[in-house]
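J.: So that we are looking at the same thing, I have put the structure below in structure tokens.
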Amino acid sequence: MSAAEVTAMPEGRGGRMTRAQIVNAALALGLIGFGLGAWAMDETFLVTLATKVAILAIAGAGLNLVLGFGGLVSFGHAAYFGLGGYASGILAHHALNYTAMFEWPFVFEGTTSMPVIWLTAMAVGALAALVIGALSLRTTGVYFIMITLAFGQMIFYFAISWPAYGGEDGLPIYVRNGFPGLNTLDPVQFFGLVCVVLFAMLGLISMLARSRFGLALQAARQNRQRLMAVGIRPGGVLLVAFVISGAITALAGALYADLNRFVSPSMLSWHLSGELLVFLILGGTGRLFAPLAGAGLYIALEHLLGGVSDHWQFFFGLLLLGVVLFARGGVIGFLAGGKRHG
Amino acid sequence: MSTILLIEQLLNGLQSGLMLFLMAAGLTLVFGVMGLINLAHGSLYMVGAFACAGVAAATGSFWLGLAASIAAAAAAGAIVEVAVIRRLYARDHLDQVLATFALILIFSEGTRWLYGSFPLYLNVPPSLSGSVTLPGGIQYSLFRLAIIGAGLAVAVGLFLLIGKTRIGVQVRAGEADREMIAALGVDIRRLYTLVFALGAALAGMAGALVGTIQSVQVGMGEPVLILAFVVIVIGGIGSIKGALVGALLVGLTDTMGRVLLPSIFGLFMETSAATSVGAALASMAIYILMALVLIVKPGGLFGARA
Amino acid sequence: MTGIKTGIHRETRMTRFLTTTALALSMMGTAAMAEPVKVGMITTLSGGGASLGIDTRDGFMLAVEKAGNPDLEVHIEDDQRKPEVAVQLSDEMIQSEDVDVLTGIVWSNLAMAVVPGAVRQGKFYLSTNAAPSQLAGKGCHENYFSVSYQNDNLHEAAGQYATDEGFGRMFIMAPNYPAGQDSLSGFKRFYEGEVANEVYTQLGQTDYAAEIAQIRDSGADALFFFLPGGMGISFMKQWAEAGIDMPVVGPAFSFSQDILPAIGEAAVGVKNTAQWSKDIDNEANAAFVAAFEEKYDRLPSLYAAQGYDTARLLLSAMEKADVSDADAFREALRAAEFDSVRGDFAFGPNQHPVQDIYVREVISEEGQLTNKIVATAMEDRGDAYAEECSM
């Protein structure tokens, strides 16, 4: 959400919706409608595809918090995505093999319960983001892009060569983890669960963006000096945002591992970091619903172009180039109009 | 480990560093002058290698292939600059990352379309094949010595170009103040196209030289691109000297890490586990080095600006 | 003129092949069922490593087209060598295209992502290449068949060959990932000499100067290495430049027909182990090699041969049983009654091949690099994990 949207919000709430809000509502309804429609027509695979879009949108939303609002271009968010995935995979692995993860200083058992896994994944993601963020935020600009990439690569190579949890072969989760009261093996129930998480996260980010913290975060992007003049340390604000962002992306990773029933180092690769950035720019950087629009468009294109030509990446590259060069607001900018400030 | 072997491994580290420098020089030049992050630098490297393999196969001459690699990469660079890159100078880094990410997809898939998926043949020319005996009895590949020579020559050439020539003066002035040199009547657009083509030519040459002893295939540019970024970030983006020092540091850290870490772990672990853990740590070594440098000096060793 | 002559020659061989197939078809025709079989092929057709997937597909489709069985439907998709894409494709094939059989995956990590889920959903999986140890031992499954080998086999054969040759000290090297670790342990399982040094390289590494210096310094009798794809091309070129006079042994992956041209003369003389070679002397193989060259204008690789055999196994089962009767179809697959291009072929108790594994030497033949069998390393080799499989 841009600064413009934030200021426009109160008017919109009183009477008519703003154009951006209409687009956002359409996107949300579109996702749910697509998923339910596919389910009604018994197209199970399309439900799976919609679930994938929703999960990638959660990951993108995590990145959007630091990139769209805080202006930090992290080229290493695959690290948190992958760590979340591994948290899920490793916990399930131990639960299914009836072995404890570690017994000292206290016994830590594996689990197949999604709420526990989610909390663990978010804690792991937040912790990693705290360490990486504290070190990386000493740099700015290109150096920040590159140091986040370096940390991502470090974790990637570690995961490939560490044999305990499958190394490059990855770790299969034979049965999808469970959620109290739901049958997660049923694609449409899992889809519903993921949608709830997605909209909860988007709601959280929207709330954060409008809070004092969010305003400080956007100020940190636009003018660090001014922020310091009013007595706020931009570094602290950015670090908090980075940690929250890591936690949200890790949550998405845990869901993604459950969707695929599999986790592997490819979730940690720099290509995935790049794809998360692509979602945001396709959707429109800084817009609340950009990750959903971008991930939806990306997956749809991959699916449709992939069916047309083996060389679909060539055409996808051309399209992406076109969007970056000529359609800077992305999908939402195109539909909703209005320029992003800063 | 014997002293001779240790010296040979240090030489290997230097050699791999200079190989990286060939790639990093163009990248840092383009960033220093235009402030552009070019992820597609690896694609230009691939273009060079494919051009060299193609021409060498058609004519039977490696040297014609090498010339073709420089020409083809420079031409590709110039075209890309005029068509795409020119629009990105004023944009933020995010747009640059994404547009050049898109270029990678286009180049990789386009090359595969033209050449197919099978790796191409490109081998060392007869005049540089085989190995020579260095003082101390080290047997060393002649072609690797040639790469060392090429790396040093490029380093000297760039220092002279930037330090002594008219173009160098303009480039330095452009780094300092873009508006000013435009006001002084220098055609900044042409200068930028020229610098970008030069950076591309360096990448193309690196692709041809390195491709000769590695494999020429689609996607060959990506791993080396990441390494080249590590190099220029350690050295300080935009600095040729930084790229040289960074490349040597990365080359030495990587080589010595691969050689020494497994034996160090072997002192207190069982052999198979030690080699595996040692190799795992060695593969992370350069990224740890980069993180350490940036934590101590957030602008890199010789960085002028971020 | 020579071109025309070869053409005619090929055509006669082709005709003979076609007649044989037609005869076989008509003989079994009485038992043939009308129920169509849908096959989903997931393989790598873009990006690095695409050459392996392309050869797998081309070999498989060659057999399908030659058979001309209208009841066989094949859907082919590109996994981009990414496990998550492979999972998505298998979901699509199972959930929306309702395939009966999956096949085609080249890489072990992708197989681990797809196979356990697919076989649990009642689909058959026929492996054209990847056969990780997890799926051969405790994780074996009645619906999973490996037509290629078990991953360790070629490395074991290299170990056996090194023992037979009397190499007293070996330098052994592989990338640091599960397949690399399996490779070295597979080699050591049958190697009785001393390991001079054991080195793990980085996955995707392209420069081997440091390792080559270590090898030279080790004073080993011979080198064993496993470096698939581009890594092997880089290593062999650099090895040749270093001018070290030491015998080299490896599994076929670095010397298969898809990458030999890229390595060039540097590969000549290298011994490599494989369960197939284009000069194995049997009718099925001769017909396959000729038809493949005819259709695609290049020599077939190991992957093409594996794809071809997989399709022929499937076709043989289709002749005997209806896919909707899973138990009967499984029995028909297990019987493996087809003429393998490898000659004798049978499945062991864990549904992995029991077969001969050969030692091949890279030679230059009519200006083309290819492989020639020089010895048999192991006869009727099964695998090390079969006894862990409780099936």
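Yeah, the Cβs are placed from backbone N, Cα and C, and that goes for glycine too.
TrEMBL lists B:18-37, B:44-64, B:70-89, B:101-122, B:142-162, B:191-213, B:225-252, B:273-296 with the feature transmembrane segment.
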J.: Return the stretch with the most CB pairs under 8 A relative to the transmembrane segment (B:191-213), choosing among B:142-162, B:225-252, B:273-296.
T.: B:142-162
J.: Take the C-beta pairs under 8 A between the transmembrane segment (B:44-64) and each of B:18-37, B:70-89, B:101-122, B:142-162, B:273-296. Which stretch has the highest count?
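T.: Per the Cβ count, the answer is B:101-122.
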J.: Is it true that the transmembrane segment (B:142-162) and the transmembrane segment (B:273-296) have 3 or more CB pairs under 8 Å, sequence gap of 6 or more?
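T.: Answer no, regions not in contact.
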J.: Looking at B:18-37, B:70-89, B:273-296, which one has the highest count of Cβ pairs under 8 angstroms to the transmembrane segment (B:225-252)?
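T.: The listed stretch sharing the most Cβ pairs with the transmembrane segment (B:225-252) is B:18-37.
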J.: Counting only residues 6 or more past its boundaries, what in the same chain has a CB within less than 8 Å of a CB in the transmembrane segment (B:70-89)?
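T.: For the transmembrane segment (B:70-89), the sequence-distant neighbours (Cβ-Cβ under 8 Å, at least 6 residues beyond its ends) are 34-36, 38, 40, 44-45, 47-48, 51, 95-96, 99, 103, 189, 192-193, 196-201, 203-205, 207-208.
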